[in-house]
Structures are given as structure tokens and as C-alpha cells.
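Read through the structure below, which is laid out as C-alpha cells, and then see the notes.
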Amino acid sequence: MERPLCSHLCSCLAVLALLSPLSLAQYDSWPHYPEYFQQPAPEYHQPQAPANVAKIQLRLAGQKRKHSEGRVEVYYDGQWGTVCDDDFSIHAAHVVCRELGYVEAKSWTASSSYGKGEGPIWLDNLHCTGNEATLAACTSNGWGVTDCKHTEDVGVVCSDKRIPGFKFDNSLINQIENLNIQVEDIRIRAILSTYRKRTPVTEGYVEVKEGKTWKQICDKHWTAKNSRVICGMFGFPGERTYNAKVYKMFASRRKQRYWPFSMDCTGTEAHISSCKLGPQVSLDPMKNVTCENGLPAVVSCVPGQVFSPDGPSRFRKAYKPEQPLVRLRGGAYIGEGRVEVLKNGEWGTVCDDKWDLVSASVVCRELGFGSAKEAVTGSRLGQGIGPIHLNEIQCTGNEKSIIDCKFNTESQGCNHEEDAGVRCNTPAMGLQKKLRLNGGRNPYEGRVEVLVERNGSLVWGMVCGQNWGIVEAMVVCRQLGLGFASNAFQETWYWHGDVNSNKVVMSGVKCSGTELSLAHCRHDGEDVACPQGGVQYGAGVACSETAPDLVLNAEMVQQTTYLEDRPMFMLQCAMEENCLSASAAQTNPTTGYRRLLRFSSQIHNNGQSDFRPKNGRHAWIWHDCHRHYHSMEVFTHYDLLNLNGTKVAEGHKASFCLEDTECEGDIQKNYECANFGDQGITMGCWDMYRHDIDCQWVDITDVPPGDYLFQVVINPNFEVAESDYSNNIMKCRSRYDGHRIWMYNCHIGGSFSEETEKKFGHFSGLLNNQLSPQ
């Protein structure tokens with residue numbers, strides 16, 4: 001860039017779910033690799049604990065943000081207690097997680113990060129190798145021998161993946177009151193032909209997996225609250241009644257395999273691992289008593305609007321939030337993002353103090369999704385802008401909206417580094433199976449191949465790379481569960497895909513960016529046309545779990561705007577780079593001048609990765625006037641519009657150099673324009689285009705006095721992927737009297753409600769991209 005010289009019973013045992021092929025269509029974990037990359041899980045052989053080791057039970061409790069994490073609690077000698085963090089290690093965490101049925105531990109936490117427990121501290125100075133069958137087999141000071149307090153209670157974060165074939169040890173079930181449910185996996189199995197043909201599956205038997213066997217749950221103690229929890233896990237906001245007579249008739253024809261326990265949920269749980277194990281069920285086949293003469297439990301779930309069958313296309317082709325009070329921003333997937341709430345006409349964020357699964361589930365259900373998979377903290381889904389409306393939210397789980405929960409309106413001590421987010425359970429649509437990447441160096445990149453029907457058969461083929469861009473790539477990465485797109489490729493000759501998939505089967509793809517799948521984008525259908533050919537010009541993508549997010553400082557634009565009448569003889573460099581209006585060519589070069597609307601722009605990267613230019617160094621352009629390279633031809637548009645949305649003047653900045661001008665806190669600068677330096681904007685840093693550098697203006701010499709709208713758009717052509725494009729527009733009202741100009745009500749697009757926007761006198765966006773004749 002050009003620069004001037006200068007409660008313990010309700011706590012849960014974490015569980016679920018490495019999915020078997022049968023249940024994969026019912027419940028999608030996050031994140032996940034495409035099926036073609038997944039390897040079959042090895043058969044699990046649960047180690048046996050030595051005979052002289054005490055029998056214990058474990059659970060994960062406390063203020064959890066995922067069902068697979070929490071404070072470690074141990075049931076021993078008739079009492080639940082905790083574990084001290086002294087000498088605790090990742091090896092001990094592995095033992096805890098595997099004893100609970102998870103593949104491994106991701107990390108562990110000290111100093112009661114999930115809240116202080118109650119009861120005895122059973123284990124202190126715990127030493128494990130990581131191979132023990134039970135935590136009781138690790139060495140320690142002895143049971144209850146400790147000098148710790150509950151401020152030192154240890155917690156663990158387990159992998160979401162379950163051990164295949166894992167079977168929970170229920171040997172202490174008769175000794176422990178209100179034991180949490182432990183199953184390897186759970187699914188909704190469609191029984192009636194009507195529902196077997198539907199996607200997603202919304203009704204059927206509730207089945208749990210024990211070892212390698214799927215079993216039904218007896219409905220003798222089944223309640224609507226249980227159904228609500230199950231529906232929430234599978235991505236549905238609520239449950240409904242069903243035709244019991246049909247299922248009774250169906251059950252009488254088949255022999256059932258029942259799980260020997262019942263469930264006891266309150267209806268507010270985000271996951272069944274938070275529900276209690278209900279009474280045992282009599283299953284004595286010798287006495288002709290099966291499920292106490294009951295039937296298999298059935299659930300019928302209500303899909304949210306996004307996933308409801310709707311018209312001939314069956315599903316809405318693009319997702320647009322319609323909830324007026326809550327929205328999600330910055331997520332890679334539908335049902336994921338930073339939580340923003342509308343208050344007094346302005347959108348603001350939520351502080352993550354006390355943010356948990358219960359509160360996150362209220363948000364998810366409010367937006368038409370299921371319960372929450374994760375309550376995201378620490379602005380891990382990007383930082384928001386504007387006010388922080390809510391803090392210390394505490395929901396019971398029964399609320400219809402997050403604004404019905406108890407909360408603190410004071411946000412002292414909070415900043416946007418603590419913005420809360422959610423990852424919601426969404427219905428499994430099976431869309432991932434209709435797309436794959438081939439030939440890449442890793443599962444996050446490759447040639448795009450789609451599964452289509454041709455002449456009654458399903459065939460894999462390529463997508464034409466003509467006019468393929470980052471927006472289309474974003475849809476592909478989302479559909480595959482691989483996050484955001486980092487690059488879109490129109491040529492993939494260097495990636496050798498499946499030779500049986502070398503035929504182009506999809507062309508003319510044009511996406512808005514919000515579609516659930518590539519098939520929902522506009523395309524040519526069966527009339528495929530790819531003039532450049534197939535194998536060489538097949539579309540490709542590279543995906544990434546994170547993305548940048550650029551936001552302009554609207555206040556700075558408003559504060560730094562002014563007019564300058566600049567002589568033509570001082571604008572020679574600007575003339576060479578076409579930074580002036582067309583009429584400048586007729587202006588006398590010695591006595592003439594141009595009236596320039598000047599301002600400073602400060603562009604922040606609030607995302608989770610660095611913003612890098614689309615082109616590599618080999619494609620950068622040297623600008624002799626400025627003595628450095630420009631890496632992006634189009635990075636920002638500056639436009640002056642009349643009140644009906646027609647452009648009357650525009651900035652003509654030819655190209656841009658990107659660098660870190662300043663950074664937050666102790667973040668290091670990584671990019672600079674000088675000395676052919678690497679270019680970009682580091683996350684947590686900003687690039688400053690000062691008002692006094694060349695071409696940082698709009699030439700308004702030919703604009704008459706009047707009321708106007710000033711608009712700045714960052715990354716207008718979507719050349720670089722971002723986690724949120726909705727905040728790339730800044731709008732201001734302006735008044736020009738022929739001598740002075742005023743800027744007011746400058747703000748980022750989407751910061752206010754539609755009603756408030758109307759009060760500002762703004763329109764939805766640029767209506768005509770051509771300059772109107774003067």
C-alpha cells in the first residue's frame with residue numbers, strides 16, 4: 001500500500017458417537033473428513049482391569065460447553081468425589097476418556113475450570129502411563145489422601161469420537177442412584193415406508209447400540225421430554241405426536257430386541273449423556289413378558305424451516321436467517337456462528353461469561369435447529385463489532401428465546417475477544433455423499449467430482465471450471481464439512497482424479513454462497529457445455545477450517561473526511577494510474593484542479609486466519625510512482641451515490657498493497673509493502689490507508705451540490721474467502737453544498753435492523769453500477 005514518508009447430580013457422563021455406517025445418515029459429527037478419506041475403525045478390545053483394583057465409575061460434570069468435556073468425578077465407596085490437578089497429565093486424561101468410551105483425550109484443565117465439585121477429593125498426585133484399563137489402576141496418594149481443595153479440581157476434554165464396540169461397565173448400576181446414561185451410539189430408524197423415503201429422517205424407532213447390536217427402547221417409561229432431547233440431538237427443534245396405532249400393528253409382526261433400561265430426561269438436556277438412567281425393564285422371554293407388554297419407543301420430530309419439505313424443490317435452496325431477534329455470523333456451516341442479538345434496533349454480541357450448552361441450545365432451537373453440539377467461547381468464530389448486549393446468560397433450557405433467559409446487561413470486563421458462539425445439531429441430509437475431492441495432496445483439496453443421475457444410473461463426473469470462483473468453492477467445502485474455501489481453481493490438470501470420472505457432468509455453476517449443496521446452485525442441468533474441455537479445466541478447491549474477516553472502521557471514515565482542491569500538476573501520478581474521473585483529461589494541466597473527497601480507511605482483520613491476496617508474487621504489479629508492488633487489482637470500491645442508489649462518482653484506485661500497519665496487543669506484524677515484502681493482513685491487525693496518499697479519494701469535481709450516500713465495499717469481487725461477507729460494506733449519509741461536505745450516520749452494513757436503516761435513509765445496496773450522466 002502507498003505510504004507517506006513518515007449440580008452434581010445433574011452433571012453428565014459424556015458420551016456419543018463414532019457413527020456406524022447405519023447411523024451416519026442420522027447424525028453428522030463436526031468436523032469430519034469425507035467418506036472417501038475415512039478408514040474403517042479397528043475392532044476395539046476393552047482391556048480388563050486387574051482383580052485387585054477397586055471398582056469405580058466416572059462422569060464428566062460441571063459447567064460444560066460440550067458433552068465430551070467436564071470436571072472429572074469418581075464414584076467410590078458409595079460417594080461421588082473429584083480428582084486433584086496435582087501431577088495430573090495427558091496420560092491420565094487418556095485413561096479417563098477411554099474409560100468413558102472416547103477414543104482419546106484432547107487436553108486437560110486445572111484449577112476447577114469447570115467449577116468446583118463437592119464431596120471428597122478421592123485422588124491426588126495421580127500418575128498414569130496412559131495404558132491403564134481404569135483410573136483406579138493408576139498410582140496415587142491413596143483413596144481420599146490429599147491436601148487439595150476443590151479449587152484444584154481437574155477437568156478433561158475428550159475427543160468427540162467414540163470407541164467402536166465399546167460397552168459400558170454397568171456393574172455398579174444398582175449401587176449408584178441417578179446414574180447418567182451410557183451408550184455407544186443412538187439413532188432414529190425409520191420404520192414406515194413414508195419416512196424411509198424422506199431426507200432427513202424425522203420419525204421412527206429410537207435405538208441404542210450395545211457392543212455391535214442395535215436395540216430398541218421400551219416405551220413403558222417413555223415421555224415427551226425424552227423425545228425432545230432425542231430430536232434435539234438429531235437437529236430438530238421440537239417433537240410432535242405420531243400415529244401410535246400404526247406402530248402397534250407393525251411391532252406385533254416383528255420380534256424386538258430391547259435395551260434393558262429406560263431414559264429419564266427433563267427435556268432441557270442438549271445430549272442424552274445428561275439424562276438419567278431410568279428404571280430397569282422386565283425382559284423375561286420365558287414368562288412371555290417383553291418390555292412389560294409395551295412397545296418400542298418412537299419419536300416424531302419437527303424439522304426447522306430450513307430443512308422442511310417446501311414446494312417442488314423439496315428444500316429451500318439457500319439459507320437466509322429470518323429470525324428478527326437472534327442471528328449467527330461467521331460460521332462455516334449452517335447452524336454455526338457467532339451469536340448476535342438485536343436490541344434497540346442495533347445488533348450486538350454476547351459475552352461468553354457463564355456461556356454453556358443449555359444457553360447455546362436455546363439459541364439453536366430458536367433458530368430452527370436442534371440442541372447445541374458446542375457452546376463456543378473466546379471468539380473462536382470471529383470477533384463481532386458494535387455493542388456487547390448480553391453477559392452472564394443463564395437459561396433453564398425451557399425458554400423460547402435467549403432474551404427470555406436471565407442475563408446481565410452490564411458488559412464491564414467483556415470485549416469482543418470473548419464473543420460467544422454456537423455449533424448446533426442439524427439434520428443429516430446426506431449431501432456429503434454426493435460430492436468428493438480427488439487427486440489433492442490432502443483431504444482438504446482436490447478436483448471437484450459430483451454424483452449425478454444419467455440415463456437411470458448414478459455416475460461420478462467433473463465440474464466445468466469455466467467461471468468457477470471462490471463463492472462456488474465455499475459451497476463445496478461446506479457441503480463436504482471441510483470448513484471455508486481458501487482457493488478456487490479453474491484448472492486442475494495437476495490433480496489426477498479417478499479416470500472413470502473424467503467426463504464433465506456439471507457446467508455453468510453459479511452460486512450465491514448460501515446454498516446447502518452444489519446441486520442447489522444454478523447450473524446447466526443435463527445440457528452440459530464446457531468449451532475449454534474437461535480434464536484440464538475441471539473445477540477444484542482447497543478448503544480450510546478458518547478464514548479471515550475484514551471490517552472497515554466506519555467511525556474513522558466519518559471523522560477524517562474532507563475536501564481538497566488539488567492542482568493538476570500535482571496529480572500526474574494519479575493521472576497515469578487513472579485515479580481521476582474521465583473529465584480530468586480535458587482539465588488544463590497547469591492551471592486546472594480537481595475536487596477530491598478524501599478520507600482515511602482502517603481495515604481490521606477480525607477473523608481466524610490471515611487475509612492473503614489471491615495472486616502469488618509472480619502476478620504482482622510494480623507501480624513506479626509508488627515504488628512498490630501491488631498484490632490486488634480490486635480490493636476496495638469507493639462510491640458516491642444519489643438517494644435512489646445510482647452511482648454519481650467513484651474512486652479509481654487502480655490496485656492495492658496490503659500490509660500490517662498496526663496490531664492488537666503483542667501480535668507480531670507479518671506483512672509489509674516495502675522491499676518486495678510479503679503482503680497480507682494478519683489476524684488481529686489492520687491496514688491503514690491514510691487520507692493523504694495517492695488515489696485514496698473520490699473525484700467529485702463534476703458532482704453538483706445535494707444529499708448523497710457514500711459507500712465503501714471491501715473485497716467486492718469476493719476474490720478472497722472470508723468467514724463473513726455481510727460486514728464488508730460501510731455506508732454513510734453525506735451532504736455537499738458545493739464547498740463543504742458532511743458525513744454522518746456512518747456504519748457497517750447489517751449493523752442495524754431494517755427499520756433503523758430506513759430511519760437513516762439508506763437503501764439496501766448499490767442499484768446501478770454505472771455512472772449516471774451529469
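FYI, residue positions are counted from 1 along the chain as it appears here.
The backbone N, Cα and C atoms fix where each Cβ goes, glycine too.
What you are looking at is a predicted structure, and each value in this text was computed from that prediction instead of being measured.
The disulfide bond annotation in Swiss-Prot covers Cys97-Cys158 (among others). Its Cβ taken as reference, Cys97 (disulfide bond) is surrounded by 26 other Cβ atoms within 10 Å in the chains shown. In this structure, Cys97 (disulfide bond) is part of a helix by DSSP.
The disulfide bond annotation in Swiss-Prot covers Cys128-Cys138 (among others), and the record cites sequence analysis as its basis. Secondary structure at Cys128 (disulfide bond), as computed by DSSP, is coil. Counting only same-chain residues six or more apart in sequence, the Cβ atoms lying under 8 angstroms from the Cβ of Cys128 (disulfide bond) belong to Ser89, His91, Ala92, His94, Val95, Leu135, Cys138, Thr139.
Counting every protein chain shown, the Cβ of Cys291 (disulfide bond) has 22 other Cβ atoms within 10 Å. According to Swiss-Prot, the feature disulfide bond maps to Cys218-Cys291 (among others), an assignment based on sequence analysis.
The disulfide bond annotation in Swiss-Prot covers Cys231-Cys301 (among others) and is backed by sequence analysis. Reduced to three states, the DSSP call for Cys301 (disulfide bond) is strand.
Residues or ranges marked as disulfide bond in Swiss-Prot: Cys265-Cys275 (among others). Less than 8 angstroms from the CB of Cys275 (disulfide bond) sit Asn180, Ile181, Asn226, Val229, Met263, Asp264, Cys265, Thr266, Glu269, each of them six or more residues away in the same chain.
Swiss-Prot lists Asn288 (among others) with the feature N-linked glycosylation site, giving sequence analysis as the kind of evidence.
The feature domain 'SRCR 3' is assigned by Swiss-Prot to 326-425.
Look at Swiss-Prot and you will find Cys364-Cys424 (among others) tagged as disulfide bond, backed by sequence analysis. Taken residue by residue with DSSP, Cys364 (disulfide bond) is part of a helix.
For Cys395 (disulfide bond), other Cβ atoms within 10 Å of its Cβ number 22. Marked as disulfide bond by Swiss-Prot: Cys395-Cys405 (among others).
The N-linked glycosylation site annotation in Swiss-Prot covers Asn455 (among others) and is backed by sequence analysis. In the three-state DSSP classification, Asn455 (N-linked glycosylation site) falls within coil. Other C-beta atoms found within 10 angstroms of the C-beta of Asn455 (N-linked glycosylation site) number 6, with every protein chain shown included.
Look at Swiss-Prot and you will find Cys464-Cys530 (among others) tagged as disulfide bond. Secondary structure at Cys530 (disulfide bond), as computed by DSSP, is coil. Note: Cys530 (disulfide bond) has non-local neighbours Cys464, Gly465, Gln466, Val504, Ser507, Tyr537, i.e. same-chain residues 6+ apart with C-beta under 8 A of its own C-beta.
Taken from Swiss-Prot, the feature disulfide bond covers Cys477-Cys543 (among others). The C-beta environment of Cys543 (disulfide bond), restricted to residues of the same chain at least 6 apart in sequence and closer than 8 Å, consists of Tyr444, Glu445, Ala473, Val476, Cys477, Leu480, Leu482, Gly483, Phe484, Ala485, Ser486.
Summarising the annotation, Swiss-Prot assigns disulfide bond to Cys573-Cys625 (among others). Counting every protein chain shown, 15 other Cβ atoms lie within 10 Å of the Cβ of Cys573 (disulfide bond).
When secondary structure is read from DSSP and collapsed to three states, Asn644 (N-linked glycosylation site) falls in the coil class. Taken from Swiss-Prot, the feature N-linked glycosylation site covers Asn644 (among others), and the record attributes it to sequence analysis.
Taken from Swiss-Prot, the feature disulfide bond applies to Cys657-Cys673 (among others). According to DSSP, Cys657 (disulfide bond) is assigned to coil rather than to any helix or strand.
Under the heading disulfide bond, Swiss-Prot lists Cys663-Cys685 (among others). For Cys685 (disulfide bond), the number of other Cβ atoms no farther than 10 Å from its own Cβ, over all displayed protein chains, is 23.
Taken through DSSP, the domain 'SRCR 3' (326-425) splits into 16 helix, 39 strand, 45 coil. Look at the disulfide-bonded residues Cys477, Cys663, Cys673 and count other Cβ atoms within 10 Å of each Cβ; Cys663 has the fewest. Long-range neighbours of Cys231 (disulfide bond) (same chain, six or more residues apart, CB within less than 8 Å of its CB): Pro237, Gly238, Glu239, Val299, Cys301, Val302, Gly370.
The disulfide-bonded residues under consideration are Cys405, Cys424, Cys464. Their Cβ neighbour counts within 10 Å are lowest for Cys405. Comparing local CB density within 10 A for the disulfide-bonded residues Cys218, Cys364, Cys657, the maximum falls on Cys364. In the three-state DSSP scheme, Cys275 (disulfide bond) falls into the coil class.
Separating the Cα atoms of Asn455 (N-linked glycosylation site) and Cys424 (disulfide bond) is a whole-number distance of 38 Å. Among the disulfide-bonded residues listed here, namely Cys97, Cys291, Cys395, Cys663, Cys673, Cys673 has its C-alpha nearest to that of Cys573 (disulfide bond). All protein chains included, Cys265 (disulfide bond) registers 22 other Cβ atoms within 10 Å of its own Cβ. Looking only at Cα atoms, Cys395 (disulfide bond) sits nearest to Cys424 among the disulfide-bonded residues Cys291, Cys424, Cys663, Cys685.
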